[in-house]
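First comes the structure, then the notes that go with it.
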6 protein chains.
Amino acid sequence: MQAYINKAETLIEAAPYIRKFSGKTVVIKYGGAAMTDPLLEQMVMDDIALLSVLGVKPVIVHGGGPAINAMLKRLSIEPSFENGLRITDPQTMEITEMVLSGSVNKKIVQMLSDRSIRSVGLSGKDGGLFEAKLHRPDGKDIGSVGEIVACNTEVVTALMQNGFLPVISPVSAGDEGDSLNINADIAAVKVAAALHATKLIFLSDVPGVLREIGNPTSLISTIKIDEVPEMVADSVITGGMIPKITCAAEAVQKGVESVHILDGKSKHALLLEIFTDKGVGTVLW
Amino acid sequence: MQAYINKAETLIEAAPYIRKFSGKTVVIKYGGAAMTDPLLEQMVMDDIALLSVLGVKPVIVHGGGPAINAMLKRLSIEPSFENGLRITDPQTMEITEMVLSGSVNKKIVQMLSDRSIRSVGLSGKDGGLFEAKLHRPDGKDIGSVGEIVACNTEVVTALMQNGFLPVISPVSAGDEGDSLNINADIAAVKVAAALHATKLIFLSDVPGVLREIGNPTSLISTIKIDEVPEMVADSVITGGMIPKITCAAEAVQKGVESVHILDGKSKHALLLEIFTDKGVGTVLW
Amino acid sequence: MQAYINKAETLIEAAPYIRKFSGKTVVIKYGGAAMTDPLLEQMVMDDIALLSVLGVKPVIVHGGGPAINAMLKRLSIEPSFENGLRITDPQTMEITEMVLSGSVNKKIVQMLSDRSIRSVGLSGKDGGLFEAKLHRPDGKDIGSVGEIVACNTEVVTALMQNGFLPVISPVSAGDEGDSLNINADIAAVKVAAALHATKLIFLSDVPGVLREIGNPTSLISTIKIDEVPEMVADSVITGGMIPKITCAAEAVQKGVESVHILDGKSKHALLLEIFTDKGVGTVLW
Amino acid sequence: MQAYINKAETLIEAAPYIRKFSGKTVVIKYGGAAMTDPLLEQMVMDDIALLSVLGVKPVIVHGGGPAINAMLKRLSIEPSFENGLRITDPQTMEITEMVLSGSVNKKIVQMLSDRSIRSVGLSGKDGGLFEAKLHRPDGKDIGSVGEIVACNTEVVTALMQNGFLPVISPVSAGDEGDSLNINADIAAVKVAAALHATKLIFLSDVPGVLREIGNPTSLISTIKIDEVPEMVADSVITGGMIPKITCAAEAVQKGVESVHILDGKSKHALLLEIFTDKGVGTVLW
Amino acid sequence: MQAYINKAETLIEAAPYIRKFSGKTVVIKYGGAAMTDPLLEQMVMDDIALLSVLGVKPVIVHGGGPAINAMLKRLSIEPSFENGLRITDPQTMEITEMVLSGSVNKKIVQMLSDRSIRSVGLSGKDGGLFEAKLHRPDGKDIGSVGEIVACNTEVVTALMQNGFLPVISPVSAGDEGDSLNINADIAAVKVAAALHATKLIFLSDVPGVLREIGNPTSLISTIKIDEVPEMVADSVITGGMIPKITCAAEAVQKGVESVHILDGKSKHALLLEIFTDKGVGTVLW
Amino acid sequence: MQAYINKAETLIEAAPYIRKFSGKTVVIKYGGAAMTDPLLEQMVMDDIALLSVLGVKPVIVHGGGPAINAMLKRLSIEPSFENGLRITDPQTMEITEMVLSGSVNKKIVQMLSDRSIRSVGLSGKDGGLFEAKLHRPDGKDIGSVGEIVACNTEVVTALMQNGFLPVISPVSAGDEGDSLNINADIAAVKVAAALHATKLIFLSDVPGVLREIGNPTSLISTIKIDEVPEMVADSVITGGMIPKITCAAEAVQKGVESVHILDGKSKHALLLEIFTDKGVGTVLW
């Protein structure tokens, strides 16, 4: 009986956090390592399902690189590169769309359904969610890679108002009706900004921003976005973290209250970040 | 960190129960011993506040006998009896109303407000909630004691739809505009039936229905209401428990899914009854 | 038959006034002498009930000093003063709340109910209506006397939209959960301002503002609020009328169209002020 | 001042009646003598405007025989008869429509507008209100006289819900797109039945049903509709009163609570019938 | 079969235009020659009915000069002039109202009803649509001619929201309750501006603005409203076209996107103007 | 100009059909040959886009056999059969879902988007649209083939109410969270029945039901569903047409007004069936 009373007290402790985030929109970028370990996958879905049950309004934007690579390999499609950039040729694009919008997306929907959460999978094409155009970095042709020029969240809002949790694959259509692959981090930022989300959470492969690479005890818990340029100049933020932090800063500038970079491999990172004061990764605001 | 992960898992375990009762109306009869111990009082309010945060829709109906007795004593009003029945003379009625509708009721509102729950105190007079008439058991005049002839819950519903938790003092008006004292158990049944509540919970002074009086291990966990007459005939249900069980049976007959008799002195009894399968008292359905 | 035709014509004469005030919010401060004479009490309730039937939206804020004094006397609680200021000690506060929120408030609800008007009694605690803090005039401790720091009328508005007439006892909670006594005139001003009421009417013990104290023929019918400071300087407004006029001026500054000071002992003063051009007291605007 | 107090008391006396009929639909058939005396005309409009101000929902169905006759005379159109029945030839129909739908109807709208009541004139054609067909009593061709085969009150309801008082000219279209003249009494019955009106009031040229023709003291105050056949058989109801009573009985059978036949020439008959218990004409129910 | 396929393709071609104007308000001034030829009259109604079926929201404002003249002639009322201005004496006004509001208006309603379009006829008096005052050009008394001082389209909007097509006769009431005749072109402009219509279309007796009077090939297809003053100065716009163009310019200034002057005698001019890029008259914007 | 007038007249001819089907739900089963010819594909989308523009509410349920077969071939997955039944092994199921829900579904969404129609792709998993279980004909294991046990159209309805056209891939989840392939004809019937669709249209590879196979002039235009059993017994309906007709009959029994079997290869068959009286295939009702 005492065990039960302890559990009751855990619920009571969580009450202020539940009240604080009830009804708030939280966009979750889900991808990377958290997606390849079946157990972690189930735990992330448990966390998202709980958020939904507690009245938080989660929106999932997902990637799926490993699943795409596996299917390309089965079809013996060789990745092609030019000057170090991966080229998304038409065949690769076709497979990318099938895997992301048809397989990964529906699997997430199904895992939420198993937890009695009604969700709906969308791609950037559905309801005209993302309007995109060809992305040509420095004028280079890297194939069917797109950038988002407009984000129309009517379909997302309509689904949320009817109690459905939106699950978004970032594959979109270009202005000539062609399919384009979109970076999922950027897609998550655009959705969070358009929905005036309270939080945007990246479930990433690192514990957050570290002062010393590889040293988890050097985690920087909080960054104000106006400190970002100096941190880049001082090489505190480097390499692959730069575009992620740039994304995060853009989200905050567009009105998202805080952006969190968490380690998707850490158990229940999502819940701990939202339901404790301590937090487990890096928060930008 | 492991402690936090355990807490996260407690929340996840509770998810199915939260989903099950989210949006459901639960009428709680609050009174007796649970009201006189300041610590228990706070714990009951914690539990009710949590229910509200989790999306359950609680409605409180309260008594307040000890507080009334204390005030009568301060005013040196002697309780009067006739043939063993307490007589509610005009002075006693006046004090009863002031204490229940003006003091106990507002204290509960205040304790919920301290937990950020917006509640509104009502008496049976407000919004015409209860229409009452003089109660004359076997024709005897026992003073200003009433029975409910109609229950108009428009005011309760309006408050709930606007996010307020109703706290109800049973003092009502008779058909001649006189104040009448109403049994709080019966008031709770009438409200639960009129609101088509999912549950009606009596926070009582006993652990539930016991096969052997005074032996808590003889608790009867479940009673179907059609077993009640036989249990009374067999003296399984006796004494003061008879009217409470009769009330409970009436509530079930009028559409309340289940009625629970819990020990209000037991820690977090409310939460345990709702958020575990085990339960801690007697349930009638 | 001619008598009936005359009555029909009275109704027709009133039509433009009815149309003018239909749907408008009128806050009525009810207290003092109008509350102690049973006949006057009934007439005031007749007037308020009629306003409600005619589509005006009345809100009552009430005091109840004489009833509090009577109960204090029965409990042999001696009023205590310090430097001429009444001290509200804890016992006095307890009785004040019981009498105002539990007795006076419910009696008004009942009298309106007798006239088929559905009303709901509220205190400053209900729905978090008034947020208050200890009032310390010139730093002096006068006990549990409060001043209003915020007025949240969601509960009042919700009730009005559902057809209920709100009846407000000014007793509120301080920031430490303690009960505080609030001046009913000031409470009425805060409610009127927050509701953007069209009119605020004080049913007072005097016919209005008099040029010569004691001479009813010296009534000043109309005061513009920017004349007030000069009238105080010239000793036209003096004594106990100063705080009332200051209240009235604050209400006008916050958007109430006009504030009326009427003699609550004068028959049907409320109706005459609203349904004739002549008026019967002093109006500030 | 006493005069004003008396008026206040008149208003208070009327309160229960106002409450009783507030929000109720009352269909008023307006025509005959009450329409030709300019002073009476103004008084009827005063009464209807007051009803509207007091929250009653009046709907006017009007005739206009004298105005039609005057215009026919100006155009030197001779009335033609066959076997005692008036023949509505095409020219007469054209003039009837212009006068009823274009002149009388708009005059009523204007008189209500002068009293700050927003009304909208409709004919049987507007919004497809009445579907009609040629009326051929005993197979005789009496020209463009129609009978109503369907009553579609969507347009009436839409206007009422938006706060407009509908004023209805009974001229309608036949199934071949031709204009047809419809008896206004019958049109009023159809509208009252379709709107589930609480009352249907005929402002007629007689004081009601009289036991002895010409003797106003022989007025029959109340008739139950199942007494009608016997009253016709016994020649209590005779002549032109028969079709009116038949109409009234039909309205009651279709759900109108009561039908009143009043003397439109009697001052404020409408108000007296609604706002006193006594009544001034004959009521059928 | 090929003929049917061609028809299907015609529908598909029209789709972009249908989508463009679906839900948009189009005010149509209907009068003049298009009203006197029965065949043209039917074709105009076909066009308006189709617009309505395709989701466009048409509002008709009509004149009716020839019908008024015919009735005046039947009544031997001589037109009277003073200094070249037609005088609208009381008799003429009475007939004008009857013909416009009672005959022409109801005929249009009926023709739309024959096409299964639910429409409602209004005059400027109904619902207080137009507030007018006597028009005194250069101080001259020309009788009951009015100018619009306010346009209250609540009744129009309420009808449109309930699926009814409004048909408006411009006869209105002056500030003394007198009937006034209003120029239908001006009435159409006021309604279009108040409704924030997308288009205002004048079905006139000329093909549009011609560079050379009488030469249809000299049609000016497009005029920007800031070119109007110069075109008047250069005598490109002359005579009776000046007030019409002035009206059109006022409508554009008040937010109507474009104003079209079409030849009402040209077959399906309405449809061609809306559903082709070419257009058939003069458009001002 | 005459060509334009003819087009205007085509639109006017279509008006009654447009009015008749405006707001009605039409479920279209799209698959087979109409999907493999790029030109036909565009024409079908033109037709569906036009229906949507005209206010009809289309819902698309699609198959995609040829695209699945092409991808299976690219992956060198051999189709396996047992006793003539195709076995959907796990690999085949994985590819089927990716192709149908990720490729075919999104292509249709994109083609509608190119026509300015906002559509949203769904699979049977999204929003819990279809609940399915393993299909075991005569107890045989044919792999991941499912049958629908429940159809929850809340997500479809929510999207339609917000102006989105639903495009449904029939792949669903079984009760163990496994993906199942569902026959698209049956899925279309279930959706049409659940939505109370007015029409269900099968765009098939045949002109309809033929009396003589291969002879298009022997087309049976109309079948009443109670004639079906006899037609099967008489071998009028044979082979692959039997399950389609059985489906159609089930839809009619469940409340769909009519089911149409059209030749998807015939130009604009959809429009001709809806917008002419003649029709082009077989209709069941």
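Heads up, the Cβ atoms here are built off N, Cα and C, so glycines get one too.
Mean pLDDT of the predicted structure over the domain 'Aspartate/glutamate/uridylate kinase' (B:24-263): 92. For B:24-263, the entry in TrEMBL reads domain 'Aspartate/glutamate/uridylate kinase'.
Mapped onto three states, the DSSP output places B:Lys29 (site 'Transition state stabilizer') in strand. Here the Cβ of B:Lys29 (site 'Transition state stabilizer') has 31 other Cβ atoms within 10 Å, regardless of which shown protein chain they belong to. Marked as site 'Transition state stabilizer' by TrEMBL: B:Lys29 (among others).
Taken from TrEMBL, the feature substrate binding site covers B:Gly64, B:Gly65, B:Arg86, B:Asn181. Around the Cβ of B:Gly64 (substrate binding site), 27 further Cβ atoms fall within 10 Å across all displayed protein chains.
Under the heading site 'Transition state stabilizer', TrEMBL lists B:Lys244 (among others). In the three-state DSSP scheme, B:Lys244 (site 'Transition state stabilizer') is classed as helix. Remark: B:Lys244 (site 'Transition state stabilizer') has B:Asp185, B:Phe202, B:Ser204, B:Ile261 as non-local neighbours, by Cβ distance under 8 Å and separation of at least 6 in sequence.
In the three-state DSSP assignment, the secondary structure recorded for B:Arg86 (substrate binding site) is strand. Annotation note: B:Gly64 (substrate binding site) sits in a coil segment as assigned by DSSP. Looking at B:Lys29 (site 'Transition state stabilizer') and B:Arg86 (substrate binding site), their Cα atoms lie 22 Å from each other. A 10 Å cutoff on Cβ-Cβ distances gives B:Gly65 (substrate binding site) a total of 16 other Cβ atoms nearby, all chains included.
Between the two most distant C-alpha atoms of the annotated substrate binders (B:Gly64, B:Gly65, B:Arg86, B:Asn181) there are 16 Å. Cβ-based neighbour count (10 Å, all protein chains) for B:Arg86 (substrate binding site) stands at 14. Apart from the site residues B:Gly64, B:Gly65, B:Arg86, B:Asn181, the chain places the Cβ of B:Gly63, B:Ile68, B:Asn69, B:Thr88, B:Thr96, B:Leu100 no farther than 8 Å from the centroid of the site's Cβ atoms, the recorded substrate location. When secondary structure is read from DSSP and collapsed to three states, B:Asn181 (substrate binding site) falls in the strand class.
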